[in-house]
Amino acid sequence: MTMVFLNKEIRDGDNPDLTEERKTATFDTNKMAEVIYGSEKLARRRREISQAVSLIPELADSKPLPFLSRNEKILESTRKVTALNEHLPRLINMNDEDEAWHIHSEVIGFEGNPLALHHSLFIPPLVIQGSDEQHEKWLGRAKRREIIGCYAQTELGHGSNIRKLETTATYSLSTQEFILHTPTINALKWWPGALGKSSNHAVVVASLIIKEQNYGPHLFMVQIRDEQSHEPLPGIAVGDIGPKMAFNGADNGFLGFNNFRIPRGNLLNRHCNVEVDGTYVRPPHDKMNYAGMIRVRSRMAAEQGTFMAQALTIAVRYSAVRRQGFLENKSQEVKVLDYQTQQHRLFPAIARSYAFIFCGFETIQKYETLQNEMNSGNVSLMADLHALTSGIKSVVTYQTGEGIEQARMACGGHGYSMASYISEIYGCAIGGCTYEGENMVMLLQLARYLVKSVELAMRGKPGDLGPMVAYLAYPDIKVDLVTGPEAYVKMFQHISKRQSIKATEKFHRKMESGVSRDEAWNQCAVELTRASRLHTRLYIIETFIRRVDSIEDLSIKMVLTDLMNLHLNYELLDVASYALEDGFMSSTQMGFIKNQLYSSLEKIRPNAVSLVDSFQFSDLQLRSNLLNFLFQVLGRRDGHVYQNLFEWAKSSPLNQTEVLPSVTQYLKPMMEKAKL
Ligand SMILES: CCCCC/C=C\C/C=C\C/C=C\C/C=C\C/C=C\C=C\C(=O)SCCNC(=O)CCNC(=O)[C@H](O)C(C)(C)COP(=O)(O)OP(=O)(O)OC[C@H]1O[C@@H](n2cnc3c(N)ncnc32)[C@H](O)[C@@H]1OP(=O)(O)O
Ligand SMILES: Cc1cc2nc3c(=O)[nH]c(=O)nc-3n(C[C@H](O)[C@H](O)[C@H](O)COP(=O)(O)OP(=O)(O)OC[C@H]3O[C@@H](n4cnc5c(N)ncnc54)[C@H](O)[C@@H]3O)c2cc1C
C-alpha cells in the first residue's frame, strides 16, 4: 500500500492534472505540515492517526450523511463516536487534546456528535472552576464517560448579556442547597449542544442569589437525567430545539428547572464559594466565571483556520482538475485554477488559513500561560487576553465564512451540491460568528480596551500601554513599502491607530456634548468595531511575520514568504482607503500594492495544490473518499471527481425508484386532468 501523504508521491491512477500540480511544487508537503502543526512529531502523529483510522471500516460513514434524516444523523454520529471511543486508547495519546480533536474531526466531520461538547465545553469548565474535591467527585467519571455533560449558559431571552441571565440559583440556609429555578419562558436554557437528548449532566450558569442579593452568573454542576433510565429528573424539563443550519448530528437543547434542588457543594468553587452560613467568598477577578469562554475563544483561530483550509483543499484540488474555457492554446481547455480571478478567489484565503493557524497556536499558548498564572492566583493577564481573543474570534470567524463561500463559488455548480461538502463546512464554521460571543458584541469588548489604551496614550502615559497596543503611541513616520514586511506593519499600525483615535475622539466629543456615556458609545459603535477589526488584523499579520521569520528550512521559508506577501498586500489593499484618506498612503503606493498582489498570485500558482495538500486532510475528513463508500466527492486527493459525482447521484434515495409518489399522487393526475 502507498502512504497517502508523501509529497510528490505519484500514485497510479491519480488524475494526471493533479499529478502534474504535485510535480511542480517547490517544497515538501511533509515539511510544510511540520510548520503548520508545530513539529515533525505532531505532523507525523496526525498522519499515523489518519492512516490507522482509514484501516478501521466501522469508523467510516455508513451512508452519505446529507441523505439521512435528523434522527439517522444523530444515530450515525453516535455510532461513530462510541465506536471511536473503543479504539481511542490504541490510536491516540489520551492526554493530548490536539490528537483528540484531530481524530474526532476526522471521524465525525462537521455534523457534530453528542459527545463533542462533553470534551470541549463540559470538562474544561469543571477543570478550571472546580475545586480538587469536585475534580475527585466528577472529573474522573466525566473523563471515563460514565456521565455525559454539556455547558448550559445561553437562555431563550439572553445569550450575549450574561449578567441578565434569568435562571436563578437561590441559596437555602435551612437545607444548605441551591434551588435552581426557571422563572419565565425566556429563562429556559436554549442552544447548549448535546443537552437536548444525550447529556445526563450539565454545567449550568445561573444567577447566584443569597439572602435576596444577586451575585451574578455562577457555574453549577447539575445532574439532569437519571443515570439508569436516562429520563429527566423530577423538576427538569429538557428537549431538543430542532434542526439548525448545520451541526445536525448534535442535539442542541432546551432546559427548564422547577425549584430543582442541588447540594451546596455543586457550586463550582475553586475560585469563589458560598459558606454554610451563606457568606459569599469572592473570586480574585470579577469575571473569573467567564474564564472558560476565554479558553474556547483562544482556540477558535486555529480551529476556524482549519475549517477554511478544508474547504480550500476541496476547491483548489477541484480547480486543478476542472477544465473549462481557453487561454492561448485553443486545442485544450485550461484548468480553471489558471484564471487570475480564480486565484484571487482562492489564494488569499489559503494565506488566511495559514495566518489563522499560526495565530491560533500563539493564542492557545497564551491561554495556557494565563491558566497557569490563574492557578497560582495571578489574574493580571485576564483583561489583555479577553480583549485579544474577543477580537480574534470575531475577525477569524467572519473571514473564514468569506473564504469558505469563495471556495464554494470557485467550484461552480458542483460547489452548490452537498457532494462538495462545502455547505456543511460553511454551516458549521459560520456558526462561529454567533457562538462563543456574538461577533459585534465581542468586537465592542475589544473596543473598550482600545479606547482605554488611547486614553492612556492621550494622557501622556504611553509607558503604561501593554506590548499589544504600544503602537497607539508611536509617532507617524512615512514608510516605503518596497523595504518589506516591517513597512507594511508600520502602515497597518498607522491605519489601526488612527481609527482607534478617531473612534475614541468621537466618543469623547459625544459625551462632551451632553450625550450619556452609554448612548455616546452606541452612537460610535460602528467606528469602534472598525477599530477593533483593524487592530486584530494587524495582530494576525504580525504573528504571520513572526512565524515565517522563525523558519529555517529555505524551501519552506520561500513559499511561505510568497504566501505572507500575498497576505500583506491583500490585507493592506482591503483597508487602503483608511490610509489614502489622510494621505499617509500615496496613490503610487496603492498601485504598488496591487501589482505586488498580482505578482504574488503568479508566484503561488505552481505551489497552490501542494499548499493545500500540506494540511494533510485525509479523504475521509473531507468526506471525499472511496468510491465504494459513496461519500462526498469533490476534494478527493486522486482528483477523480466526475465518476464519483455520478455514483453519488445514483445513491440518492430519490433514485431508488423510477416513479415517485409525488408523480403518481399529484403530477400524473394534474397532467391527466389537463388532457380532458
Ligand atoms: C476533543 C473532542 C473534540 C470533538 C470535535 C468534533 C468535531 C469537530 C468539528 C466541528 C465542531 C466545530 C464547532 C463546534 C460547534 C458549535 C459550538 C459549540 C459551543 C458553543 C458554546 C457557546 O456559545 S457557550 C456560550 C457563550 N456565550 C458567550 O460568549 C456570551 C458572550 N457574552 C459575554 O461574554 C459577556 O456578557 C460580555 C463579556 C459580553 C459582557 O459581560 P459583562 O459582565 O456585562 O461585562 P461588561 O461588558 O460590563 O464589562 C465589564 C468589564 O469586564 C471585562 N470582561 C468581560 N469579560 C471578561 C473576561 N472574560 N475576562 C476578563 N475581563 C472581562 C470587560 O473587558 C470590562 O472591563 P473594563 O470595565 O475594564 O472595560
Ligand atoms: C451552533 C451554536 C451552538 C451553541 N452552543 C451553545 C452551548 O453549547 N452552550 C450555550 O450556553 N450556548 C450555546 N450557543 C448560544 C450562543 O452562545 C449564543 O447564541 C451567542 O452567545 C449569541 O447570543 P444571542 O443568541 O443572545 O444573540 P443576541 O445577543 O440576541 O444577538 C442578536 C443581535 O443583537 C446584537 N447585539 C446584542 N447585544 C448587543 C450589544 N450589546 N451591542 C451591540 N449589538 C448587540 C448582536 O450583534 C446581534 O446582531 C450556541 C449557539 C449556536 C449558534
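Placement of Cβ uses the backbone N, Cα and C atoms for every residue, glycine included.
Caution: TrEMBL annotation is automatic and unverified by curators.
Because the structure is a prediction, the values reported are computed rather than measured.
Summarising the annotation, TrEMBL assigns domain 'Acyl-coenzyme A oxidase N-terminal' to 28-148.
For the recorded site, Thr154 (FAD binding site), the DSSP three-state label reads coil. A sphere of 10 angstroms centred on the C-beta of Thr154 (FAD binding site) encloses 19 other C-beta atoms. Feature annotation from TrEMBL assigns FAD binding site to Thr154, Gly193.
Per TrEMBL, the feature domain 'Acyl-CoA oxidase C-alpha1' maps to 290-451.
Residues or ranges marked as active site, proton acceptor in TrEMBL: Glu436. Classification of Glu436 (active site, proton acceptor) by DSSP places it in coil, neither helical nor stranded. Cβ neighbour count for Glu436 (active site, proton acceptor) (all protein chains, 10 Å cutoff from its Cβ): 22.
As annotated by TrEMBL, domain 'Acyl-CoA oxidase C-terminal' applies to 485-672.
Long-range neighbours of Gly193 (FAD binding site) (same chain, six or more residues apart, CB within less than 8 Å of its CB): Gly112, Ala116, Leu117, Leu121, Cys150, Tyr151, Phe247, Ala250, Asp251, Asn252. The domain 'Acyl-coenzyme A oxidase N-terminal' (28-148): residue composition by secondary structure is 93 helix, 0 strand, 28 coil, according to DSSP.
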